[in-house]
C-alpha cells in the first residue's frame, strides 16, 4: 500500500472571526484589551503569592500554578489571532499548528488535574483542619504539582500524535482561530473514526476520573458541614471553597462543550463562541474570582499595587 506523505499540506489557513475590516479592527481592540487584562491579573496574582509570606501555603501554591496556566492558555492562541485580525496573516505552518495544538492540550489537561488537586486540598482543609499542615506538606504539594504537569504533558503527546499523524492532503482552511482538535480532524483525508474513538475514551476516562475526585471531595465537605451544624459553618465553608467551586464549574462547562463530543456535532460558529469563553474569558475571570472571594488575596494584592505605585 502506498504511504501517504504527511507533509502534503505544509500550512493551514485560519478562517478567522470576520472578514469585514471595521469588525476586525473592533475585535482586535476588544481582544487585545481582554488579553492584556488577563496577563495583568494573573501576573499580579503570581507576584502577590510569591512575595507575600501570608500566602506561602499549599492552597496559594496551587493557585499560583493555576495562574501560570491561565497565562499560558491565551498566550498560545491569542497573539496569532490578533495578528490575523490586524494584519490578515491567517497562515500557520504545519509544525506551528502542531506546536500550538500540543501546547494548548497540555495546558487544558494540566488545568483539569490541577483543579482536582485543589479540590482535594479544600477537602483536607475543611474535613481535617488540625492535620492539614502535615497532610498537605510542601513535599506532597510539589509532587502533586509536578504530577499534574507531567500528566497533562503525556496526555497532550498522545492526542497530538493521534491527530497529526493523519494524512492531510486536501483542504487546509481551519474553521477556527487556532489549531484545535475538531477543526483539524475535519481536514484529514484519512478515516478519523478510530482515532476519534481513542481520543474520546482517553479524554472521558481522565476527565471523568478527575471529575469524580472533585465531586467526591465536595460530597465529603458537604457531609462534614452537615455533621458539625455549628453557627457560621456555611459561611466559613463557602469562603473556603466558593472560589474553587466557581472556577471548576466555569472550566468544566466550557471544556466539555468544546472537547467531549464527536466530530459530527462540530459547528464552526458555535465552537468559536465556546472557545472564546474557555480560551479568553476563563483565564480573565479566575484571578478576579479568587481576589473577590478571598480576603488574604485582596490584602496581598493591595500591598503589591501600593508597592508598584511607590516604585513608579
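Cβ from N, Cα, C; glycine included.
The following features are taken from TrEMBL:
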- 25-48: transmembrane segment (TRANSMEM)
- 41-290: domain 'G-protein coupled receptors family 1 profile' (DOMAIN)
- 60-78: transmembrane segment (TRANSMEM)
- 98-120: transmembrane segment (TRANSMEM)
- 140-158: transmembrane segment (TRANSMEM)
- 197-221: transmembrane segment (TRANSMEM)
- 233-253: transmembrane segment (TRANSMEM)
- 273-292: transmembrane segment (TRANSMEM)
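Here the listed stretches are 60-78, 140-158, 197-221, and the one with the most C-beta pairs under 8 angstroms to the transmembrane segment (98-120) is 140-158. Among residues of the same chain six or more beyond the transmembrane segment (140-158), those with a C-beta under 8 A of the stretch's C-beta atoms are 58, 61-62, 65, 102-103, 105-114, 117, 202, 206.
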